[in-house]
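Taken straight from TrEMBL:
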TRANSMEM  39-61  transmembrane segment
TRANSMEM  89-107  transmembrane segment
TRANSMEM  119-141  transmembrane segment
TRANSMEM  200-219  transmembrane segment
TRANSMEM  240-260  transmembrane segment
TRANSMEM  287-307  transmembrane segment
TRANSMEM  319-335  transmembrane segment
TRANSMEM  341-360  transmembrane segment
TRANSMEM  367-385  transmembrane segment
Amino acid sequence: MENLRSRLKLGSKAKDVKLRKRRSLLYSKEDGRLLNHGLLKVVVFTVVFRLVNCVLVQTSFVPDEYWQSLEVAHRMVFKYGYLTWEWKAGIRGFTFPLFFAFLYKILHLLNYDTVHLLIWLPRVAQALLAAFADVKFYLLIRTLETEDVSRWTFFCHLCSWFSWFCCTRTLTNTAETTLTCLALFYFPLPGSKTYSSKKYLSLVALAVLVRPTALIVWFPLLMCHFWQEENKLRLITRRYIPIGILAVLISALIDCLFYEKWTLVQLNFIKFNILHGVADFYGSHPWHWYFSQGFAVVIGPHLPFFLHGCSLAFRKYRILLATVLWTIVVYSFLPHKEFRFIYPVLPFCMIFCGISLAHLKAWRRPAAALLLVSNLVLVLYTGLIHQRGTLDVMSHLQRLCEVSSDSARPQSDVFFLMPCHSTPFYSHVHCPLKMRILECPPDLGEDGYAEEAAQFYSNPLLWLRNAFPYKSSLPTHLVLFDVLEKEISTFLQVNNFTRTAEIFHTHVPEGRVGGSIFIYERH
């Protein structure tokens, strides 16, 4: 024992052994500071970039960015507003609008619930979430590829016109894409050092709660993880099932609270879309639409780089490429198609684009400049010009709130003679102004079904005469696209309506959507 003590020097006052300092940059504190400093610059740049992105997107895209989020949140907090038929049928969940309702509630409690903050705070919050997902995406690529490839992939990701156009909007598709980006960071990709099944599955579950179709994107990835996992039973019993059940329970509790009855929206969503074919009501496209038009528009000028990158990194990232193809194929079987449906796979495509640019060598900078300029043109046009009228008209109507508060003048009454849900509603005026739109719920097999909007557009003049047989029932203001003006000019003249505003909307009018929006006031 004494020999052992003497060897170990237990209890001795001998000097501590000093370890040799390693001079390798891999272990130096200075190198850690440099890495942290570089990451901090990326974070700051990305946050500023997305906030600028938010400010420079002043156009509308689709009705869902208001009617499935902000309008619902406004009604949840301020107790007045309009809910579309989906909320009456119970096929939409309150999980997503609850996030914006939380922001609205804070503004309300602080007495800062001005209309400008109600419009912009959700957008800013969405921009910050997008920036967070962008940084996570960059960190993921940096663990998978060289610094050179990661920089060019991040460049491709940030200059994508469709990401710019969508990532700050209050759309369920935007939230689905953000959550998909975050989940990919923890997914067991080949070579990934950030794998966490609990984290990525929780984010996937949240994405499915926000938008059930997120399961389409994640199905091949989940199957790939299951196939690679050695202990498959443990993965199912300790990850898939518990996280899935917990997500459904949380969703059900939230929906039961706000629907005030037992409601399972996921089941209702499947029932209405499959049994009733509700999606067909909103239009249909040929099966090849995503292959011939949709995907090319979404990926934009990045398309040749994506194809080149696929040839270079097919084997390494075949699961991501398979996911892109799977998503496009599955959505191609659905009659109703939109660009935003395939938005969640766009970050996957950017990995291939970055690899392509990194391998171009001598032609890299000219190609990057061309990519940036071509995307910039689309960014500025779609963000500042195309389809901005439906937002600008709400700014004009918001002034009526001040007029209506004056008891000496009659209360304003606005009627939107436009395709259903063309504009936002109470979330963009924030006062109990009397407003009405043309109703257009789908046919759910109910007796006596009649779509109001379809009846109106079949014979606008006759419909108006029947709807307002007396002058006392007329609204004080009418909002319409310019293409309708000629058809109802007689009604406008007879009832003393005068055009008070003309607002630009788009350079490419189509069908019932005109190039300008007119506001008529009755005198």
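Each Cβ is built from the backbone N, Cα and C atoms, and glycine gets one as well.
Using a cut-off of 8 Å between Cβ atoms, the transmembrane segment (119-141) and the transmembrane segment (39-61) share at least three residue pairs, counting only pairs 6 or more apart in sequence. Contact count against the transmembrane segment (367-385) (Cβ pairs under 8 Å) is highest for 287-307, out of 89-107, 240-260, 287-307, 341-360. If one looks beyond the transmembrane segment (39-61) by at least 6 residues along the same chain, the residues whose Cβ comes under 8 Å of a Cβ in the stretch are 120, 123-124, 126-128, 130-131, 134-135, 138-139, 154, 158, 164-169, 171, 340, 379-380, 382-388, 390-391, 423-424. For the transmembrane segment (200-219), the list of distant contacts is 93, 95-96, 172-173, 175-176, 179-180, 182-187, 239-240, 243-244, 246-247, 250-251, 266, 269-270, 323, 326-327, 330-331, 341, 344-345: same-chain residues at least six beyond its ends, Cβ to Cβ under 8 Å.
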